[in-house]
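Visitor: TrEMBL lists these features:
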BINDING   189-193, HIS252, ARG297, 353-357, 381-386  ATP binding site
DOMAIN    72-159  domain 'Phosphagen kinase N-terminal'
DOMAIN    186-428  domain 'Phosphagen kinase C-terminal'
Amino acid sequence: MVIANPPHASGLSLSSFSGSSVCKQVTMANPISRLMSGRSSAVMLASVGLAGLGLASGYILTETRVTAAERRRMFPPSADYPDLRKHNNCMASALTPAMYGRLRDKVTPNNWSLDQCIQTGVDNPGHPFIKTVGMVAGDEESYEVFEELFDPVIKDRHNGYDPQTMKHPTDLDASKLTSGMFDERYVLSSRVRTGRSIRGLSLPPACSRSERREVERVVVTALSGLQGELSGRYYSLGELSESEQQQLINEHFLFDKPVSPLLTAAGMARDWPDARGIWHNDDKNFLIWINEEDHTRVISMEKGGNMKRVFERFCKGLKQVETLIQERGWEFMWNERLGYILTCPSNLGTGLRAGVHIRLPRLSKDARFKKILENLRLQKRGTGGVDTAATGDTVDISNLDRLGRSELMHGQTRAADRSQVQTVMDPTACCDLT
């Protein structure tokens, strides 16, 4: 405890009053102040009778600030280790008490901690038959500071990709794609999307309001430079009416407020809808989501099964957006080990998800459907996206892998596997699949 002497105290200090009632009163204040909040508590000693001793009544008793990190260190890591015995996610499979002990007290330059990374996985144990990732990054540095945990999670999620020994390739040359037409009897729409993060700003789980608004400013300013078929305008969620928002959501153009526990536990819905919005071109087939799960989601989409045309527009638009961002002094988060850096480890690398909304009246009900998709390295979602149900017999099917193969390789693989995909799409062929 420190008591500051006022300028007119003539050099008097507490030592001058040893054994006096003043010291007794100060001593009595100690347990009281300890009961107060650790946030720079201050107690005015205006009524302790100091004025009668020639001292001003404005003495301030201050308590040293105790940070949350310092308070946490009062307990051993074992006391903080989460109960993961019933969890089925990549984080829970990789994290050990010893690893937690080494990482618990580390923080990134933005003060993001391990516990914040894993909270979504702790709060959401997962399904016995559906293994989720179980952690997110708060900033680009998270993947370095906590790589001891992130690396095995990445290896588990990305089919054995080892960030310590492997490098991620990038190739957005759509002219190399040789095929990409799907049967429009069953494919209702085609979409390619990715995410991009602005270097130097925290990711959505950790960003402040000012950082989120800066992301919006940087991206919207850059997008104003798009021309021709990509020219469009920005719509802020805060300025759209409820009916306008719902129409865009129903048309699968706009994201809704996150309701998935995986996202809300990671802090994705904070301050909603502040600094969130959608930019789209006049034809509504090239879109940018701003400040949803990532800083940006870049999307090319159209009705029907012409995935080649969708991919070509995607590559063209994405390259132009990156150029416009760089011209304004910013850049995307990227490194050769992990490719493009995004919030969820599942989206590292290309961040690319090439998907179709497809009608599968019989196959979608077949018990072997999940295994068939796994064998083809595909995944299924509801028609409204992650954690939503399918509408009727229509499902959303897309590539499972993102990391370790380039954008072109993902597209080319889907084309090379066309016969298999067509078989999956044929609702009359489910009995022939093994």
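One is the number of the first residue shown, and numbering goes on along the chain from there.
Including glycine, each Cβ sits where the backbone N, Cα and C put it.
Just so you know, TrEMBL annotations never went through curation; they're auto-generated.
Are these features on the surface or tucked inside, and what touches them?
Guide: If you draw a 10 Å sphere around the CB of VAL192 (ATP binding site), it holds 25 other CB atoms from the protein chains shown.
Across the domain 'Phosphagen kinase N-terminal' (72-159), the model assigns an average pLDDT of 95.
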Visitor: Name the secondary structure element type, per DSSP in three states, that contains GLY355 (ATP binding site).
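Guide: For GLY355 (ATP binding site) - judged by DSSP and reduced to three states - the answer is strand.
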Visitor: Counting every protein chain present, what is the number of Cβ atoms, excluding its own, within 10 Å of the Cβ of ARG381 (ATP binding site)?
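Guide: So the number of other Cβ atoms within 10 Å of ARG381 (ATP binding site) is 18.
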Visitor: I'd like to know which of these binding-site residues, SER189, ARG297, GLY355, is least surrounded, judged by other CB atoms within 10 A.
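Guide: Looking at the binding-site residues SER189, ARG297, GLY355, the Cβ with the fewest others within 10 Å is that of SER189.
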